[in-house]
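Asker: Okay, handing you the structure first.
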(Lines of atoms letter the chains of each structure in order from A and count residues from 1; the text may use other names and numbers.)
(Lines give C-alpha, C1' and ligand atoms only; values in the text may rest on other atoms or scores of the structure.)
Protein backbone atom coordinates (compact mmCIF):
# COMPACT_ATOMS: atom_id res chain seq x y z
CA UNK A 1 0.00 0.00 0.00
CA UNK A 2 2.78 2.41 0.94
CA UNK A 3 4.70 1.52 -2.22
CA UNK A 4 1.65 2.31 -4.37
CA UNK A 5 1.18 5.63 -2.56
CA UNK A 6 4.82 6.59 -3.05
CA UNK A 7 4.65 5.58 -6.71
CA UNK A 8 1.52 7.68 -7.18
CA UNK A 9 3.22 10.71 -5.62
CA UNK A 10 6.30 10.19 -7.76
CA UNK A 11 4.20 10.00 -10.92
CA UNK A 12 2.40 13.21 -9.97
CA UNK A 13 5.70 15.01 -9.47
CA UNK A 14 6.98 13.73 -12.81
CA UNK A 15 3.77 14.82 -14.51
CA UNK A 16 4.05 18.29 -12.98
CA UNK A 17 7.68 18.59 -14.11
CA UNK A 18 6.78 17.49 -17.64
CA UNK A 19 3.93 20.01 -17.72
CA UNK A 20 6.22 22.86 -16.63
CA UNK A 21 8.79 21.87 -19.25
CA UNK A 22 6.07 21.72 -21.89
CA UNK A 23 4.77 25.20 -20.93
CA UNK A 24 8.25 26.69 -21.18
CA UNK A 25 9.49 24.78 -24.23
CA UNK A 26 6.32 25.23 -26.26
CA UNK A 27 5.56 28.84 -25.35
CA UNK A 28 6.11 30.00 -28.93
CA UNK A 29 3.01 28.03 -29.89
CA UNK A 30 1.13 27.99 -26.59
CA UNK A 31 1.07 31.78 -26.17
CA UNK A 32 -0.71 32.45 -29.50
CA UNK A 33 -3.01 29.50 -28.90
CA UNK A 34 -3.95 30.73 -25.42
CA UNK A 35 -4.53 34.27 -26.66
CA UNK A 36 -6.75 33.03 -29.46
CA UNK A 37 -8.82 30.84 -27.11
CA UNK A 38 -9.36 33.72 -24.66
CA UNK A 39 -10.23 36.10 -27.49
CA UNK A 40 -12.71 33.54 -28.82
CA UNK A 41 -14.64 33.77 -25.54
CA UNK A 42 -14.68 37.55 -25.99
CA UNK A 43 -15.80 37.57 -29.63
CA UNK A 44 -18.15 34.57 -29.64
CA UNK A 45 -21.24 36.57 -28.54
CA UNK A 46 -20.79 39.00 -31.45
CA UNK A 47 -20.42 36.10 -33.89
CA UNK A 48 -23.67 34.61 -32.59
CA UNK A 49 -25.47 37.93 -32.97
CA UNK A 50 -24.32 38.28 -36.58
CA UNK A 51 -25.42 34.73 -37.35
CA UNK A 52 -28.84 35.41 -35.82
CA UNK A 53 -29.46 38.25 -38.25
CA UNK A 54 -28.89 35.87 -41.17
CA UNK A 55 -25.18 36.17 -42.04
CA UNK A 56 -23.30 32.97 -42.91
CA UNK A 57 -20.95 31.54 -40.31
CA UNK A 58 -17.77 32.35 -42.24
CA UNK A 59 -18.88 35.92 -42.96
CA UNK A 60 -19.81 36.47 -39.31
CA UNK A 61 -16.43 35.22 -38.11
CA UNK A 62 -14.40 37.20 -40.65
CA UNK A 63 -16.37 40.39 -40.00
CA UNK A 64 -15.96 40.02 -36.23
CA UNK A 65 -12.22 39.38 -36.46
CA UNK A 66 -11.81 42.27 -38.91
CA UNK A 67 -13.62 44.69 -36.59
CA UNK A 68 -11.52 43.52 -33.66
CA UNK A 69 -8.28 43.88 -35.64
CA UNK A 70 -9.32 47.33 -36.84
CA UNK A 71 -10.02 48.45 -33.27
CA UNK A 72 -6.62 47.14 -32.16
CA UNK A 73 -4.88 48.98 -35.01
CA UNK A 74 -6.77 52.17 -34.21
CA UNK A 75 -5.77 51.95 -30.56
CA UNK A 76 -2.16 51.33 -31.59
CA UNK A 77 -2.15 54.33 -33.93
CA UNK A 78 -3.61 56.56 -31.24
CA UNK A 79 -1.12 55.30 -28.68
CA UNK A 80 1.83 55.72 -31.06
CA UNK A 81 0.84 59.23 -32.12
CA UNK A 82 0.44 60.26 -28.50
CA UNK A 83 3.88 58.88 -27.63
CA UNK A 84 5.42 60.82 -30.53
CA UNK A 85 3.68 64.03 -29.42
CA UNK A 86 4.88 63.50 -25.88
CA UNK A 87 8.45 63.01 -27.06
CA UNK A 88 8.40 66.16 -29.22
CA UNK A 89 6.86 68.27 -26.43
CA UNK A 90 9.29 67.30 -23.69
CA UNK A 91 12.09 69.75 -24.76
CA UNK A 92 9.85 72.74 -24.05
CA UNK A 93 9.59 71.61 -20.44
CA UNK A 94 13.38 71.30 -20.04
CA UNK A 95 13.72 74.35 -17.78
CA UNK A 96 10.85 73.17 -15.56
CA UNK A 97 12.37 69.71 -15.27
CA UNK A 98 15.74 71.23 -14.34
CA UNK A 99 14.12 73.38 -11.64
CA UNK A 100 12.28 70.37 -10.21
CA UNK A 101 15.49 68.32 -10.19
CA UNK A 102 17.28 71.15 -8.35
CA UNK A 103 14.44 71.24 -5.84
CA UNK A 104 14.66 67.49 -5.31
CA UNK A 105 18.44 67.74 -4.98
CA UNK A 106 18.10 70.46 -2.35
CA UNK A 107 15.53 68.45 -0.42
CA UNK A 108 17.36 65.12 -0.49
CA UNK A 109 21.00 64.95 -1.56
CA UNK A 110 22.18 68.29 -0.18
CA UNK A 111 20.64 67.59 3.22
CA UNK A 112 22.19 64.13 3.19
CA UNK A 113 25.55 65.63 2.26
CA UNK A 114 25.30 68.15 5.11
CA UNK A 115 24.79 65.27 7.53
CA UNK A 116 27.55 63.06 6.13
CA UNK A 117 29.96 66.01 5.79
CA UNK A 118 30.16 66.30 9.54
CA UNK A 119 31.80 62.87 9.68
CA UNK A 120 34.36 63.58 6.94
CA UNK A 121 37.08 64.41 9.46
CA UNK A 122 36.89 60.77 10.60
CA UNK A 123 36.70 59.08 7.19
CA UNK A 124 38.95 61.41 5.10
CA UNK A 125 42.33 59.98 6.27
CA UNK A 126 41.22 56.44 5.49
CA UNK A 127 39.70 57.54 2.17
CA UNK A 128 42.93 59.21 1.07
CA UNK A 129 44.96 56.11 1.92
CA UNK A 130 42.59 53.88 -0.02
CA UNK A 131 42.36 56.28 -2.96
CA UNK A 132 46.16 56.55 -3.53
CA UNK A 133 47.54 53.01 -3.83
CA UNK A 134 51.18 52.50 -4.76
CA UNK A 135 51.10 51.18 -8.33
CA UNK A 136 54.76 51.77 -9.13
CA UNK A 137 56.02 48.23 -9.64
CA UNK A 138 58.82 49.13 -12.07
CA UNK A 139 56.94 47.99 -15.14
CA UNK A 140 55.77 51.46 -16.23
CA UNK A 141 58.43 54.06 -17.05
CA UNK A 142 58.33 57.16 -14.86
CA UNK A 143 56.58 60.10 -16.45
CA UNK A 144 54.71 58.03 -19.05
CA UNK A 145 50.89 58.17 -18.84
CA UNK A 146 48.51 55.44 -20.12
CA UNK A 147 47.18 56.09 -23.60
CA UNK A 148 43.37 56.13 -23.92
CA UNK A 149 42.04 53.78 -26.59
CA UNK A 150 38.60 54.26 -28.18
CA UNK A 151 36.80 51.81 -30.45
CA UNK A 152 34.45 53.32 -33.04
CA UNK A 153 31.86 51.31 -34.96
CA UNK A 154 31.24 52.40 -38.54
CA UNK A 155 27.82 54.00 -39.10
CA UNK A 156 25.09 51.58 -40.10
CA UNK A 157 24.02 51.56 -43.70
CA UNK A 158 20.34 52.01 -44.65
CA UNK A 159 20.11 48.32 -45.41
CA UNK A 160 21.40 47.42 -41.96
CA UNK A 161 18.91 49.79 -40.32
CA UNK A 162 16.04 48.19 -42.22
CA UNK A 163 17.29 44.71 -41.28
CA UNK A 164 17.52 45.66 -37.59
CA UNK A 165 13.97 47.06 -37.64
CA UNK A 166 12.64 43.95 -39.36
CA UNK A 167 14.41 41.69 -36.85
CA UNK A 168 12.83 43.57 -33.94
CA UNK A 169 9.27 43.40 -35.32
CA UNK A 170 9.36 39.93 -36.86
CA UNK A 171 8.65 38.11 -33.59
CA UNK A 172 5.62 40.18 -32.51
CA UNK A 173 4.20 40.19 -36.05
CA UNK A 174 4.48 36.40 -36.25
CA UNK A 175 2.75 36.02 -32.88
CA UNK A 176 -0.06 38.39 -33.85
CA UNK A 177 -0.50 36.60 -37.17
CA UNK A 178 -0.72 33.20 -35.46
CA UNK A 179 -3.24 34.59 -32.96
CA UNK A 180 -5.59 35.87 -35.65
CA UNK A 181 -5.28 32.75 -37.80
CA UNK A 182 -6.05 30.47 -34.84
CA UNK A 183 -8.83 32.82 -33.72
CA UNK A 184 -10.57 32.55 -37.09
CA UNK A 185 -10.47 28.75 -37.09
CA UNK A 186 -11.52 28.47 -33.43
CA UNK A 187 -14.56 30.66 -34.08
CA UNK A 188 -15.40 28.70 -37.23
CA UNK A 189 -15.06 25.33 -35.48
CA UNK A 190 -16.45 26.44 -32.12
CA UNK A 191 -19.38 23.99 -32.04
CA UNK A 192 -17.22 21.12 -33.26
CA UNK A 193 -14.55 21.82 -30.65
CA UNK A 194 -17.21 22.00 -27.95
CA UNK A 195 -18.63 18.61 -28.95
CA UNK A 196 -15.18 17.01 -28.97
CA UNK A 197 -14.41 18.45 -25.55
CA UNK A 198 -17.69 17.11 -24.17
CA UNK A 199 -16.95 13.70 -25.68
CA UNK A 200 -13.54 13.60 -24.01
CA UNK A 201 -14.48 14.69 -20.49
CA UNK A 202 -17.97 13.30 -20.02
CA UNK A 203 -19.66 11.30 -22.72
CA UNK A 204 -21.14 8.95 -20.09
CA UNK A 205 -23.27 11.74 -18.60
CA UNK A 206 -23.99 13.85 -21.64
CA UNK A 207 -26.61 16.11 -20.06
CA UNK A 208 -24.55 17.11 -17.01
CA UNK A 209 -21.42 17.65 -19.09
CA UNK A 210 -23.28 19.78 -21.62
CA UNK A 211 -24.77 21.96 -18.89
CA UNK A 212 -21.35 22.34 -17.25
CA UNK A 213 -19.55 23.26 -20.47
CA UNK A 214 -22.23 25.72 -21.57
CA UNK A 215 -22.32 27.34 -18.14
CA UNK A 216 -18.52 27.61 -17.99
CA UNK A 217 -18.33 29.12 -21.49
CA UNK A 218 -21.11 31.58 -20.67
CA UNK A 219 -19.42 32.65 -17.43
CA UNK A 220 -16.03 33.12 -19.09
CA UNK A 221 -17.51 35.10 -21.98
CA UNK A 222 -19.44 37.33 -19.59
CA UNK A 223 -16.35 37.94 -17.49
CA UNK A 224 -14.06 38.79 -20.42
CA UNK A 225 -16.64 41.09 -22.03
CA UNK A 226 -17.25 42.82 -18.71
CA UNK A 227 -13.53 43.21 -18.11
CA UNK A 228 -12.95 44.75 -21.54
CA UNK A 229 -15.92 47.08 -21.05
CA UNK A 230 -14.83 48.16 -17.57
CA UNK A 231 -11.22 48.74 -18.61
CA UNK A 232 -12.31 50.73 -21.66
CA UNK A 233 -14.70 52.85 -19.61
CA UNK A 234 -12.01 53.42 -16.99
CA UNK A 235 -9.54 54.53 -19.67
CA UNK A 236 -12.11 56.89 -21.17
CA UNK A 237 -12.85 58.37 -17.73
CA UNK A 238 -9.14 58.88 -17.08
CA UNK A 239 -8.76 60.60 -20.46
CA UNK A 240 -11.60 63.04 -19.80
CA UNK A 241 -10.53 63.79 -16.23
CA UNK A 242 -6.86 64.37 -17.12
CA UNK A 243 -7.87 66.60 -20.03
CA UNK A 244 -9.95 68.66 -17.60
CA UNK A 245 -7.08 69.10 -15.12
CA UNK A 246 -4.72 70.00 -17.98
CA UNK A 247 -2.26 67.10 -18.24
CA UNK A 248 -0.72 66.87 -21.75
CA UNK A 249 -1.48 63.78 -23.87
CA UNK A 250 -4.46 62.75 -21.76
CA UNK A 251 -5.48 60.23 -24.44
CA UNK A 252 -2.15 58.43 -24.01
CA UNK A 253 -2.69 57.97 -20.29
CA UNK A 254 -6.28 56.87 -20.77
CA UNK A 255 -5.35 54.20 -23.33
CA UNK A 256 -2.38 53.12 -21.22
CA UNK A 257 -4.58 52.81 -18.14
CA UNK A 258 -7.14 50.72 -20.01
CA UNK A 259 -4.43 48.35 -21.23
CA UNK A 260 -2.49 48.11 -17.97
CA UNK A 261 -5.64 47.33 -15.98
CA UNK A 262 -5.45 43.83 -17.43
CA UNK A 263 -2.45 43.35 -15.12
CA UNK A 264 -4.03 42.46 -11.77
CA UNK A 265 -3.75 44.85 -8.83
CA UNK A 266 -0.77 46.92 -10.02
CA UNK A 267 -1.56 47.75 -13.65
CA UNK A 268 -3.63 50.89 -13.06
CA UNK A 269 -1.19 52.17 -10.46
CA UNK A 270 1.72 51.80 -12.89
CA UNK A 271 -0.12 54.13 -15.28
CA UNK A 272 -0.93 56.43 -12.36
CA UNK A 273 2.73 56.58 -11.35
CA UNK A 274 3.90 57.42 -14.88
CA UNK A 275 1.26 60.13 -15.37
CA UNK A 276 1.97 61.65 -11.96
CA UNK A 277 5.69 61.64 -12.72
CA UNK A 278 5.04 63.56 -15.95
CA UNK A 279 2.83 66.06 -14.12
CA UNK A 280 5.53 66.55 -11.50
CA UNK A 281 8.18 67.12 -14.17
CA UNK A 282 6.35 69.61 -16.39
CA UNK A 283 4.36 71.65 -13.85
CA UNK A 284 6.12 74.53 -12.02
CA UNK A 285 3.92 74.00 -8.95
CA UNK A 286 2.35 71.04 -7.24
CA UNK A 287 -1.27 71.57 -8.29
CA UNK A 288 -1.15 69.45 -11.45
CA UNK A 289 0.72 66.64 -9.69
CA UNK A 290 -1.80 66.44 -6.87
CA UNK A 291 -4.76 66.73 -9.26
CA UNK A 292 -3.41 63.90 -11.45
CA UNK A 293 -2.90 61.61 -8.48
CA UNK A 294 -6.37 62.39 -7.11
CA UNK A 295 -7.95 61.64 -10.51
CA UNK A 296 -6.40 58.17 -10.60
CA UNK A 297 -7.25 57.39 -6.98
CA UNK A 298 -10.90 58.45 -7.27
CA UNK A 299 -11.57 56.77 -10.62
CA UNK A 300 -9.76 53.55 -9.75
CA UNK A 301 -11.57 53.25 -6.42
CA UNK A 302 -14.88 53.98 -8.17
CA UNK A 303 -14.36 51.31 -10.81
CA UNK A 304 -12.65 48.77 -8.56
CA UNK A 305 -15.05 48.91 -5.61
CA UNK A 306 -18.37 50.11 -7.06
CA UNK A 307 -18.74 49.45 -10.79
CA UNK A 308 -16.91 46.12 -11.10
CA UNK A 309 -18.75 44.41 -8.20
CA UNK A 310 -22.09 45.55 -9.61
CA UNK A 311 -21.22 44.45 -13.14
CA UNK A 312 -19.76 40.98 -12.65
CA UNK A 313 -19.88 40.20 -8.97
CA UNK A 314 -17.82 41.16 -5.99
CA UNK A 315 -14.90 38.99 -7.08
CA UNK A 316 -13.69 37.04 -10.07
CA UNK A 317 -14.02 33.83 -8.07
CA UNK A 318 -10.27 33.85 -7.39
CA UNK A 319 -8.58 34.30 -4.05
CA UNK A 320 -6.26 37.36 -3.89
CA UNK A 321 -3.26 35.17 -3.08
CA UNK A 322 -3.90 32.93 -6.08
CA UNK A 323 -4.05 35.99 -8.37
CA UNK A 324 -0.67 37.21 -7.11
CA UNK A 325 0.92 33.75 -7.28
CA UNK A 326 -0.51 33.20 -10.77
CA UNK A 327 0.86 36.56 -11.93
CA UNK A 328 4.35 35.62 -10.71
CA UNK A 329 4.14 32.09 -12.14
CA UNK A 330 2.89 32.99 -15.62
CA UNK A 331 5.18 36.01 -15.93
CA UNK A 332 8.20 33.81 -15.11
CA UNK A 333 7.19 31.28 -17.79
CA UNK A 334 5.78 33.52 -20.54
CA UNK A 335 7.11 36.97 -19.66
CA UNK A 336 4.94 40.10 -19.96
CA UNK A 337 2.32 38.22 -21.98
CA UNK A 338 1.98 35.74 -19.15
CA UNK A 339 1.49 38.59 -16.69
CA UNK A 340 -1.42 39.93 -18.74
CA UNK A 341 -2.91 36.45 -19.23
CA UNK A 342 -2.43 35.32 -15.61
CA UNK A 343 -5.92 36.23 -14.37
CA UNK A 344 -7.85 34.80 -17.38
CA UNK A 345 -5.78 31.61 -17.31
CA UNK A 346 -6.29 31.15 -13.58
CA UNK A 347 -10.01 31.80 -13.96
CA UNK A 348 -10.19 29.10 -16.64
CA UNK A 349 -8.43 26.66 -14.30
CA UNK A 350 -10.89 27.44 -11.48
CA UNK A 351 -13.87 26.90 -13.80
CA UNK A 352 -12.36 23.60 -14.94
CA UNK A 353 -11.85 22.59 -11.31
CA UNK A 354 -15.52 23.22 -10.53
CA UNK A 355 -16.85 21.04 -13.35
CA UNK A 356 -14.20 18.34 -13.91
CA UNK A 357 -13.96 15.87 -11.04
CA UNK A 358 -10.29 15.13 -11.55
CA UNK A 359 -9.41 18.83 -11.30
CA UNK A 360 -11.38 19.63 -8.14
CA UNK A 361 -8.19 20.55 -6.32
CA UNK A 362 -7.73 23.54 -8.65
CA UNK A 363 -11.02 25.05 -7.49
CA UNK A 364 -10.02 24.53 -3.86
CA UNK A 365 -6.50 25.94 -4.24
CA UNK A 366 -7.24 28.88 -6.53
CA UNK A 367 -10.88 29.77 -5.84
CA UNK A 368 -12.16 32.19 -3.23
CA UNK A 369 -14.73 29.77 -1.83
CA UNK A 370 -14.04 28.30 1.58
CA UNK A 371 -12.46 24.86 1.48
CA UNK A 372 -14.48 23.86 4.56
CA UNK A 373 -18.14 24.37 5.32
CA UNK A 374 -19.02 26.52 8.31
CA UNK A 375 -19.76 23.49 10.55
CA UNK A 376 -16.52 21.81 9.46
CA UNK A 377 -14.57 24.98 10.13
CA UNK A 378 -16.20 25.32 13.55
CA UNK A 379 -15.34 21.73 14.46
CA UNK A 380 -11.78 22.06 13.15
CA UNK A 381 -11.08 25.22 15.16
CA UNK A 382 -12.78 23.69 18.21
CA UNK A 383 -10.43 20.70 18.01
CA UNK A 384 -7.54 23.17 17.91
CA UNK A 385 -8.94 25.00 20.93
CA UNK A 386 -9.10 28.32 19.07
CA UNK A 387 -12.07 29.92 20.83
CA UNK A 388 -11.19 33.46 19.75
CA UNK A 389 -11.49 32.66 16.05
CA UNK A 390 -14.77 30.83 16.64
CA UNK A 391 -16.18 33.79 18.58
CA UNK A 392 -15.11 36.27 15.91
CA UNK A 393 -16.65 34.08 13.19
CA UNK A 394 -19.88 33.79 15.20
CA UNK A 395 -20.15 37.56 15.69
CA UNK A 396 -19.48 38.09 11.99
CA UNK A 397 -22.25 35.61 11.12
CA UNK A 398 -24.65 37.27 13.56
CA UNK A 399 -24.24 40.61 11.82
CA UNK A 400 -26.45 39.22 9.03
CA UNK A 401 -28.35 36.37 10.69
CA UNK A 402 -30.08 35.51 13.94
CA UNK A 403 -28.73 33.42 16.79
CA UNK A 404 -31.31 30.74 15.96
CA UNK A 405 -30.07 30.46 12.38
CA UNK A 406 -26.46 30.30 13.60
CA UNK A 407 -27.33 27.36 15.84
CA UNK A 408 -29.29 25.58 13.10
CA UNK A 409 -26.72 26.12 10.35
CA UNK A 410 -23.39 26.04 12.19
CA UNK A 411 -23.41 24.95 15.81
CA UNK A 412 -25.68 21.88 15.72
CA UNK A 413 -24.08 20.40 12.54
CA UNK A 414 -20.66 20.93 14.13
CA UNK A 415 -21.83 19.13 17.27
CA UNK A 416 -23.02 16.26 15.08
CA UNK A 417 -19.55 15.99 13.55
CA UNK A 418 -17.99 15.89 17.01
CA UNK A 419 -20.51 13.32 18.24
CA UNK A 420 -19.88 11.08 15.23
CA UNK A 421 -16.11 11.15 15.81
CA UNK A 422 -16.42 10.54 19.54
CA UNK A 423 -18.81 7.62 19.06
CA UNK A 424 -16.12 5.74 17.11
CA UNK A 425 -13.28 6.94 19.39
CA UNK A 426 -11.79 9.07 16.62
CA UNK A 427 -11.03 11.88 19.10
CA UNK A 428 -9.46 11.64 22.53
CA UNK A 429 -10.88 12.81 25.83
CA UNK A 430 -8.53 15.79 25.72
CA UNK A 431 -9.84 16.83 22.31
CA UNK A 432 -13.40 16.35 23.53
CA UNK A 433 -12.58 18.65 26.45
CA UNK A 434 -11.23 21.26 24.00
CA UNK A 435 -14.39 21.05 21.92
CA UNK A 436 -16.53 21.46 25.02
CA UNK A 437 -14.60 24.51 26.18
CA UNK A 438 -14.83 26.06 22.70
CA UNK A 439 -18.60 25.52 22.54
CA UNK A 440 -19.03 26.97 26.02
CA UNK A 441 -16.96 30.04 25.14
CA UNK A 442 -18.97 30.65 21.96
CA UNK A 443 -22.34 30.29 23.69
CA UNK A 444 -21.29 32.59 26.52
CA UNK A 445 -19.99 35.16 24.03
CA UNK A 446 -23.31 35.28 22.17
CA UNK A 447 -24.64 37.44 24.99
CA UNK A 448 -21.59 39.72 24.95
CA UNK A 449 -19.92 41.94 22.32
CA UNK A 450 -16.74 42.48 24.32
CA UNK A 451 -13.43 42.69 22.39
CA UNK A 452 -11.11 39.72 22.53
CA UNK A 453 -8.88 41.17 25.28
CA UNK A 454 -11.88 41.48 27.62
CA UNK A 455 -13.46 38.12 26.89
CA UNK A 456 -13.95 35.83 29.84
CA UNK A 457 -12.70 32.34 29.09
CA UNK A 458 -15.12 29.51 29.84
CA UNK A 459 -13.69 26.18 30.92
CA UNK A 460 -15.70 23.06 31.69
CA UNK A 461 -14.53 21.32 34.86
CA UNK A 462 -13.86 17.59 34.98
CA UNK A 463 -16.97 15.64 35.89
CA UNK A 464 -19.26 18.51 34.92
CA UNK A 465 -21.53 18.28 31.92
CA UNK A 466 -21.42 21.09 29.40
CA UNK A 467 -25.08 21.97 29.93
CA UNK A 468 -24.71 22.27 33.72
CA UNK A 469 -21.59 24.37 33.26
CA UNK A 470 -23.46 26.78 30.99
CA UNK A 471 -26.36 27.01 33.43
CA UNK A 472 -23.90 27.81 36.21
CA UNK A 473 -22.30 30.50 34.03
CA UNK A 474 -25.70 32.11 33.50
CA UNK A 475 -26.63 31.87 37.18
CA UNK A 476 -23.50 33.79 38.11
CA UNK A 477 -24.84 36.83 36.25
CA UNK A 478 -28.27 36.69 37.97
CA UNK A 479 -27.29 35.93 41.55
CA UNK A 480 -27.56 32.12 41.82
CA UNK A 481 -30.74 32.07 39.74
CA UNK A 482 -31.37 31.91 36.01
CA UNK A 483 -33.52 35.01 36.19
CA UNK A 484 -35.48 37.25 38.53
CA UNK A 485 -38.01 35.60 40.84
CA UNK A 486 -40.62 38.36 40.81
CA UNK A 487 -41.94 38.23 37.23
CA UNK A 488 -45.49 38.35 35.81
CA UNK A 489 -47.47 35.14 35.55
CA UNK A 490 -47.13 33.32 32.26
CA UNK A 491 -43.91 35.08 31.26
CA UNK A 492 -41.38 32.23 31.59
CA UNK A 493 -40.60 29.49 29.08
CA UNK A 494 -39.24 26.29 30.58
CA UNK A 495 -36.86 24.16 28.53
CA UNK A 496 -36.22 20.51 29.40
CA UNK A 497 -33.78 18.05 27.87
CA UNK A 498 -35.52 14.70 27.51
CA UNK A 499 -32.84 12.28 28.67
CA UNK A 500 -29.20 12.33 27.53
CA UNK A 501 -26.41 14.86 27.94
CA UNK A 502 -26.79 15.79 24.28
CA UNK A 503 -30.46 16.56 24.96
CA UNK A 504 -29.47 18.77 27.89
CA UNK A 505 -26.94 20.63 25.76
CA UNK A 506 -29.48 21.12 22.97
CA UNK A 507 -31.95 22.41 25.57
CA UNK A 508 -29.40 24.89 26.94
CA UNK A 509 -28.71 26.11 23.41
CA UNK A 510 -32.46 26.70 22.99
CA UNK A 511 -32.47 28.73 26.21
CA UNK A 512 -29.67 30.91 24.83
CA UNK A 513 -31.51 31.32 21.53
CA UNK A 514 -34.75 32.35 23.23
CA UNK A 515 -33.00 34.77 25.56
CA UNK A 516 -31.29 36.34 22.55
CA UNK A 517 -34.82 36.91 21.20
CA UNK A 518 -35.73 38.68 24.51
CA UNK A 519 -37.75 35.73 25.83
CA UNK A 520 -37.32 34.75 29.49
CA UNK A 521 -36.31 31.11 29.05
CA UNK A 522 -35.00 28.93 31.86
CA UNK A 523 -33.48 25.47 31.81
CA UNK A 524 -34.53 22.73 34.21
CA UNK A 525 -33.69 19.04 34.31
CA UNK A 526 -36.13 16.15 34.35
CA UNK A 527 -35.43 15.64 38.05
CA UNK A 528 -36.62 19.19 38.77
CA UNK A 529 -40.14 18.82 37.35
CA UNK A 530 -41.66 17.46 40.56
CA UNK A 531 -39.75 19.96 42.72
CA UNK A 532 -38.92 23.00 40.57
CA UNK A 533 -36.29 25.49 41.82
CA UNK A 534 -37.41 28.77 43.44
CA UNK A 535 -36.90 30.80 40.26
CA UNK A 536 -39.40 28.74 38.24
CA UNK A 537 -42.73 28.45 40.15
CA UNK A 538 -45.58 26.95 38.17
CA UNK A 539 -47.54 30.19 37.95
CA UNK A 540 -44.80 31.85 35.91
CA UNK A 541 -44.68 29.22 33.19
CA UNK A 542 -46.36 29.89 29.85
CA UNK A 543 -44.91 26.98 27.89
CA UNK A 544 -42.62 24.01 28.29
CA UNK A 545 -40.26 22.96 25.51
CA UNK A 546 -39.07 19.37 25.38
CA UNK A 547 -35.81 18.98 23.50
CA UNK A 548 -34.29 15.77 22.21
CA UNK A 549 -31.43 15.04 19.86
CA UNK A 550 -32.44 11.39 19.40
CA UNK A 551 -36.16 11.18 18.81
CA UNK A 552 -36.23 7.47 17.91
CA UNK A 553 -34.78 6.29 21.22
CA UNK A 554 -36.42 8.92 23.43
CA UNK A 555 -40.09 8.29 22.60
CA UNK A 556 -40.85 6.49 25.91
CA UNK A 557 -39.11 9.15 27.98
CA UNK A 558 -40.91 11.92 26.12
CA UNK A 559 -44.32 10.30 26.62
CA UNK A 560 -43.64 10.06 30.34
CA UNK A 561 -42.51 13.71 30.51
CA UNK A 562 -45.59 14.92 28.62
CA UNK A 563 -47.87 13.30 31.19
CA UNK A 564 -45.77 14.46 34.13
CA UNK A 565 -45.64 18.09 32.97
CA UNK A 566 -49.37 18.14 32.27
CA UNK A 567 -50.01 17.08 35.86
CA UNK A 568 -47.61 19.60 37.45
CA UNK A 569 -48.12 22.60 35.13
CA UNK A 570 -51.56 22.12 33.55
CA UNK A 571 -51.86 25.67 32.20
CA UNK A 572 -48.62 25.47 30.18
CA UNK A 573 -48.68 24.46 26.55
CA UNK A 574 -46.10 21.91 25.52
CA UNK A 575 -43.84 22.04 22.51
CA UNK A 576 -41.25 19.58 21.26
CA UNK A 577 -37.99 20.31 19.47
CA UNK A 578 -36.45 17.39 17.61
CA UNK A 579 -32.82 17.82 16.50
CA UNK A 580 -32.55 16.56 13.80
CA UNK A 581 -34.25 13.76 11.89
CA UNK A 582 -37.61 12.66 10.62
CA UNK A 583 -40.09 13.07 13.48
CA UNK A 584 -43.33 12.45 11.62
CA UNK A 585 -44.21 9.62 14.02
CA UNK A 586 -43.27 11.48 17.19
CA UNK A 587 -46.65 13.14 17.69
CA UNK A 588 -48.61 10.07 16.61
CA UNK A 589 -46.87 7.88 19.19
CA UNK A 590 -47.36 10.39 22.00
CA UNK A 591 -50.36 9.42 24.15
CA UNK A 592 -51.22 13.02 25.03
CA UNK A 593 -51.54 14.23 21.49
CA UNK A 594 -53.80 17.14 22.48
CA UNK A 595 -51.29 18.31 25.07
CA UNK A 596 -48.27 18.29 22.77
CA UNK A 597 -49.32 21.24 20.67
CA UNK A 598 -46.76 21.13 17.94
CA UNK A 599 -43.43 19.59 17.01
CA UNK A 600 -40.57 21.67 15.62
CA UNK A 601 -37.41 20.69 13.83
CA UNK A 602 -35.22 23.79 14.10
CA UNK A 603 -34.41 26.57 16.52
CA UNK A 604 -35.75 29.14 14.09
CA UNK A 605 -39.18 27.47 13.89
CA UNK A 606 -39.67 27.05 17.63
CA UNK A 607 -38.40 30.56 18.40
CA UNK A 608 -40.86 32.08 15.95
CA UNK A 609 -43.73 30.01 17.39
CA UNK A 610 -42.95 30.95 21.00
CA UNK A 611 -42.68 34.60 20.03
CA UNK A 612 -46.16 34.46 18.49
CA UNK A 613 -47.53 32.56 21.49
CA UNK A 614 -46.22 35.12 23.97
CA UNK A 615 -47.59 37.95 21.86
CA UNK A 616 -51.08 36.38 22.09
CA UNK A 617 -50.77 36.05 25.87
CA UNK A 618 -49.70 39.66 26.41
CA UNK A 619 -52.27 41.10 23.99
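Note that Cβ sites are derived from N, Cα and C of the backbone, with glycine treated the same way.
TrEMBL annotations: computationally assigned, not manually curated.
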Asker: From the ranges 112-140, 199-227, 228-256, grab the one TrEMBL calls transmembrane segment.
Answerer: 228-256
Asker: Identify the transmembrane segment range according to TrEMBL, selecting from 169-188, 369-388, 389-408.
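Answerer: That would be 169-188, per the transmembrane segment entry in TrEMBL.
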Asker: Taking 10-28, 29-47 as the choices, which stretch does TrEMBL tie to transmembrane segment?
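Answerer: Of the candidate stretches, TrEMBL labels 29-47 as transmembrane segment.
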Asker: Give the nonlocal contacts of the transmembrane segment (228-256) in its own chain as ranges (CB under 8 Å, at least six residues past its ends).
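Answerer: Contacts of the transmembrane segment (228-256) (Cβ under 8 Å, skipping residues fewer than 6 from its ends): 42, 75, 78-79, 82-83, 85-86, 89, 262, 268, 271, 274-275, 278-279, 282, 288, 291-292, 295-296, 299-300, 303, 307-308, 311.
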Asker: For the transmembrane segment (169-188), find every same-chain residue at least 6 residues outside the stretch whose CB is under 8 Å from a CB in it, and list them.
Answerer: 29, 31-33, 35-37, 39-40, 43-44, 47, 57-58, 61-62, 64-65, 69
Asker: Cβ under 8 Å to the transmembrane segment (288-307), counting only same-chain residues 6 or more beyond its ends: which ones?
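Answerer: Cβ under 8 Å, 6 or more out: 230, 233-234, 237-238, 241-242, 245-247, 257, 268-269, 271-272, 275-276, 279-280, 282.
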Asker: Under an 8 Å Cβ to Cβ limit, what residues of the same chain, 6 or more beyond the ends of the transmembrane segment (262-281), are close to it?
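Answerer: Long-range Cβ neighbours of the transmembrane segment (262-281): 86, 93, 96-97, 100, 227, 231, 234, 238, 242, 247-248, 253, 256, 288-289, 291-293, 296-297, 300, 304, 323-324, 327, 339-340, 342-343.
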